[in-house]
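Enquirer: Handing you a structure now.
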Amino acid sequence: GGAPRPPPGAGGAGGAARAAGAGRAAGGAGPPWTQARLPRHVRPLHYNLMLSAFLDNFTFCGEVNVHLECLNASRYIVLHAQRLHVQAVRVAEDRLAGGLRVAGFFLHPPTQVFVVVLNRSLEARRTYNLKIVYSALIENELLGFFRSSYVLHGERRFLAVTQFSPTHARKAFPCFDEPIYKATFKISIRHQATYLSLSNMPVETSVFEEDGWVTDHFSQTPLMSTYYLAWAVCNFTYRETITKSGVVVRLYARPDAIRRGSGDYALNITRRLIEFYEDYFKVPYSLPKLDLLAVPKHPYAAMENWGLSVFVEQRILLDPSISSIPYLLDVTMVIVHELCHQWFGDLVTPVWWEDVWLKEGFAHYFEFVGTDYLYPGWNMEKQRFLTDVVHEVMLLDGLSSSHPVSQEVQQATDIDRVFDWIAYKKGAALIRMLANFMGHSVFQMGLQDYLTIHMYGNAARNDLWNTLSKALKKVGKSVNIQEVMNQWTLQMGYPVITIIRNETAVNTVEIFQERFIYDISTKTKDPILGNSSYLWQIPLTIAVGNTSHISSEAIIWVSNKSEYHRIPALDEASWLMGNINQTGYFRVNYDIRNWRLLINQLMRNHKVISVSNRAGLIDDAFNLARAGYLPQSIPLEIIRYLSEEKDFLPWHAASRALYPLDKLLDRTENYNIFNEYILKQVASMYLKLGWPTNNLNRSLIQAPYQHEELRREVIMLACSFGNKHCHQQAATLISDWISSNRNRIPLNVRDIVYCTGVSLMDEDVWEFIWMKFHSTTAISEKKILLEALTCSDDRNLLNRLLNLSLNSEVVLDQDAIDVIIHVARNPHGRDLAWKFFREKWKILNARYGEALFMNSKLISGVTEFLNTEVELNELKNFIKSYEEGAAASFSRAVETVEANVRWQKLYKEELFQWLRKSLAH
């Protein structure tokens, strides 16, 4: 572990960081506290932090003692602090009892720092103690040390918890709040004895005072960064379990949830997953305990604080008697993700935030690997990863307003930008591509080495690339991973590969690569790189097939704009397929003749093509058509084969790909033609599969996952596109619930039935669902009841719901966004949500502006399906009138709406003409 590695700029993260360093030095004329990054003259070795938390008036006071090492002489000590009231400061040299005279101290809010000015300089290579006494509020918000509440036996109870990542530890105590400054921490918390306190480490001793107060002293932490330090004060109860290697795992939640057993599922899989990771990484979990804390409100799904991971209740509590498979999967994957961070992120930490995608991409990739360990038959990494990660992030990354996975970050305010789906999902997709071309076992060995070398320290992306290249060398392969991965991480976007077969020389193909962009008319925003100069080294796997079988794959590394390749097995009658099992992060296009052969193959015998490739073909075709690379009819011809498709994944891919197309058309006059075509493709499979029966006694896991998910997907398509039988079935189930007051609706389709019922039936059903939303205690149920209310066709009800969404007593802060987005997805409410968003922007921005995902999720949610010139102008005028905040999200929104408008102009008619012709046959 030892000393922290040099900060970036000292060669840590290569060129980008050096450039950032140079930029900082150039701007370095002002005093040190005006700089974007902390000056380097001191570093913390250890913190002693003593806190008292007053939950009766929501304040806390603290005393922090920082043991410092001086690296370069300086008269100033600059560290982070925000919103803290400092009462006293003392500085003393270690070896002498005497203090150093403090000439003054002040907060500098623009850079969120606290400055101590000394009478004489600190001397290099000596250690000092800095003591700061301060107080602050336990805020009613979502960052720093904040409070939330819940109701138990009719009375409101309070708790206080921290959320420090990425830059909010400074709101709770003065500290060096950058990941490179790893130190050890000794924390003690004084609170009323009716509460308990938790932190990263176990309690060592508790000292009880006469007056009903107690002080908990926690063990000292290993070397760690500030952003995953944590503590909480609450009156929860817990259940516990112990791993094979002796790690004590506890789940803390409200007493009623613990009593109901809602935490048991999470607790049990956590134990199994720690054992899985210890075995996979060959590095033991490094703390004596791990607590999972379920809180009512939290800005993210969860936070990986080392030894005290915090989860929002609806992503960890699970009532097995009323949870659907999608909910179970969601809970599982959030836990797998946070546990991965205990190694990737906590034990080994990024040097600086530009490489946050390293920890997030890994944790997101492992969500699928870890879930495969728990449920081997579910094929998450090979299948579900495609629709939920690759297809999803390619939508964002196909915009010219995208950004590279590694982006330069300087100000604290920029840091929020790097936590987005590009970091999580593209990061994960690139890691999966890497694992596949390296081979999984070599990849695993490389990760084991990486964690062993850098444990308790910081590492940048090049450290990882070098370790992985060495792992490949050991097995006799030589690939310069840094060179390959730099192109994928430092350039934005991704390539579309076009394979053109030669008319004359049968077994020769020409392969082109270019950057894929939805709206080809947008001039690329990057002045240095014209579109033409984007190039990648692409691991293209290729296979050749005919009516009855497919060849084994060959790999071609494509690195030029265009290349010729010989493919010996190719002949007139055979078809060709690229990106086998869609392990690569790119799209593949073919000449029309090859598309026709592939469509023909799907119609005659789709099983020759693998499940993942069937899903990949569907997604690529829809998106190539949307961007104008392919005729609009090709994707609609492909999905004709679905009536024979018994696998979940291709249906899921088709359903997801149809969604944006549906939203582009759902307010047009000819919408019913599109609707009719989709219903025709769904009808026979809907009849074949029927509806699930409600076996409440059968646990979720025993249901064959693929079959249940397929059935759910087909019912969803049938009901949302208006299949009469589906509508009747939903209405009957809702009426039965209302009249008998017993909910017999099968768990896996509840959300579909609720939504369909609300949209078809009268206001009484809306009121009934609204009442159930208030009375239910089951978290998973609350969420889908709330979303069902947004399905109404009644604009008055939708407006009422929008207005209620901002009332925190009725709708949790993190759920308000989902309400607004779901109303925007409803064609009857799209303009209402858009208007509401504009009118309430000041409130929304104040509430969610600092919380990483929330603002961007909201902005894209209310704008992504606007598609008229009028709406585009409304969006541009709105942005003009609100200069501040969320610039990146708004430029993405404008580009998306422009592309929607352009698609309407260029392709809508072509699509409807083809549909008319095809329905006439």
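Cβ atoms here come from the backbone N, Cα and C positions, even for glycine.
Straight out of TrEMBL:
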- HIS337, HIS341, GLU360: Zn(2+) binding site (BINDING)
- 44-228: domain 'Aminopeptidase N-like N-terminal' (DOMAIN)
- 265-488: domain 'Peptidase M1 membrane alanine aminopeptidase' (DOMAIN)
- 575-898: domain 'ERAP1-like C-terminal' (DOMAIN)
- 1-33: region 'Disordered' (REGION)
- TYR424: site 'Transition state stabilizer' (SITE)
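Help me see these features in their spatial surroundings.
Expert: The number of other CB atoms found within 10 A of the CB of GLU360 (Zn(2+) binding site), across every protein chain shown, is 27.
If you take the C-beta of TYR424 (site 'Transition state stabilizer') and look for same-chain residues 6 or more apart in sequence within under 8 angstroms, you find TRP357, GLU360, GLY361, HIS364.
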Enquirer: So for HIS337 (Zn(2+) binding site), how many other CB atoms are inside 10 Å of its CB?
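Expert: Neighbour count, Cβ to Cβ under the 10 Å cut-off: 25.
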Enquirer: If you skip the near sequence neighbours and keep only those at least six away, which residues in the chain come within under 8 angstroms of HIS341 (Zn(2+) binding site), Cβ to Cβ?
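Expert: Residues satisfying the criterion: TYR228, GLU304, SER309, LYS359, ALA363.
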